[in-house]
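Written out below as structure tokens is the structure these notes cover.
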Amino acid sequence: MVDTILETEGLTKEFRGFAAVSDVRLQVARGSIHGLIGPNGAGKTTCFNLLTKFLPPTRGSIRYDGRDITGMKPAEVARLGLVRSFQISAVFPNLTVLENVRLALQRQRGGSFDFWRGESLLRQYDDRAMQLLEDVGLTGYARHAAGQLPYGRKRALEIATTLALDPVMMLLDEPTAGMTHEDVDRIVTLVKRVAAGRTVLLVEHNLKVVEGLCDTITVLTRGRVLAQGDYATVSRNPEVQAAYLGTDPSIAGGTQHV
Amino acid sequence: MADTTIDLGTTAAKHEEAGFLGFTRAQALAFGVLVAFVFISPFFLYPVFLMKILCFALFACAFNLLIGYVGLLSFGHAAFFGMGGYITAHTAKVWGLTPELAILAGGVVGSVLGLGIGWLAIRRSGIYFAMITLAMAQMVYFFCLQAPFTGGEDGIQQVPRGSLFGMVPLDRDFTLYWVVAFVFLAGFLLVHRVVHSPFGQVMKAVRENEPRATSLGYRTDDYKLMAFVLSAALSGVAGGTKALVFGIATLVDVNWTMSGEVVLMTLVGGLGTVFGPVVGAAVIVTMQNYLAEFGAWVTVIQGVIFVACVLAFRRGVVGEIGNLLKVKL
């Protein structure tokens, strides 16, 4: 019996009649690295936004860690340890790299509504923040504005910020999108390392990335689950090959919705 | 105990941001200049003119808290400023409250009004946020025009300055000046404190990237509302203080043009800078005073300055100086 941490049932999202995601049943095993792949416009990011509550589903339910989170707000889901990253590198550009990570660590003290207290209070998190930055190789950038970092480093900072919340489950939206080869390798190694003791759901466009990384892969096309299994099983599936190589227009047509 | 002190010392040394009241070195220097100006100027300049500047400076600082640090452009801040004025004037004149309590009442009503308007407005962002605040402020304007206690077109006139704590009569401009200076400096430092607090850190995160702040588990609406209420409260205090200075509360302060004026002050001075709103308020008030002889041309000149600001120096006076000297002011 597999211990499932995240489970969806009949998850559907329609935009004015267009079903971006329809009837998706997804089961993510605790402690695994689960890949969600598919061609452009397959509904990966929509699916992702549904799981993290950034979009309300039209139909269906989402269960996380034994509780129904379908009706929850995104901030609440984050507080339960289900933390996401974004496709476009989501940093706080005018804050320093250190402050970026510290903002996540600051969550430990609750809402931080105390506007009358000094910022020096937050220095208690500096050491932990520096550790996290060291983990992703950003020590030298701690005092720089996050917006000035090169693209690959921003992604690394994002992962450090996400990790700072000590998430039970991380959802990474195309962590290697738009990266050079060296950067991709570094991020893959990083994800592998930080996945220890956590569950990771990874949205990827790039099949090569998921190959060495994911325990289980779910393939989406045109909003539906096409196949599920480990890399070997999925990559041999003729429908999956067709969807990726575009040999069969009825399956590969997903791109037109981008 | 000794160990902790030493520890704090070394940590502080590592941080360039640390310093007097959380100011950077450049800011501390600028603050010194500001305080010196506040203390020396009444000996050379007309105190009422200076008090007017200080009231508007506080108003602009309160406004800047919202636009500069949360990224919310309110176009209805006149509601809080004007209503604060009416409440202070009414409580001082009719209820006979002492000036400090009357100003406080202005701030409290400002914050309550801010809670209501903010609660509605933060549901939208960008131009829609601005439009909702404007619409709500116009409703406040019509309320002030019609409500019996505001005196309609006449306003509330001959508001007594009273005696501070019931003991120190404030009839002399020079005495009142120090009260106004105190209110301004306290408000200025409060804004600075808010910006540099754990709350302020989240506030800036919301400005920088709201979805990311949400994904870190922050309910961003709560922070926006809190900032809105703080800003409204300080605007109420500023309006109340101004009503006491001039002994009058009128529709001018609650009109939408006042909302525009505070935007102008903040932009001219430098959006999102600590000292910008103060400089901006000083520039605009000075212009209104000394160019008054040109009549309607004041508005034209203001418009030209506004356009020049947007075209040539978007960071505002203080922002440009800070950029030139490569320091945060």
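Yeah, the Cβs are placed from backbone N, Cα and C, and that goes for glycine too.
Feature annotation from TrEMBL assigns transmembrane segment to B:28-46, B:53-81, B:101-120, B:127-149, B:175-195, B:225-252, B:264-287, B:294-313.
When each of B:101-120, B:127-149, B:225-252, B:294-313 is checked for Cβ pairs under 8 Å to the transmembrane segment (B:53-81), B:225-252 comes out on top. Below 8 angstroms of C-beta separation, residues 76, 79-81, 83-85, 87-89, 91-92, 132-133, 136-137, 140, 162, 183, 224-225, 228-237, 239-241, 243-244 of the same chain, each at least six residues beyond the ends of the transmembrane segment (B:101-120), sit close to that stretch. Stretch with the most C-beta contacts under 8 angstroms to the transmembrane segment (B:264-287), considering only B:127-149, B:175-195, B:225-252: B:175-195.
Of the two recorded stretches, the transmembrane segment (B:175-195) lies close to the transmembrane segment (B:225-252), with three or more CB pairs under 8 Å once pairs fewer than 6 apart in sequence are set aside.
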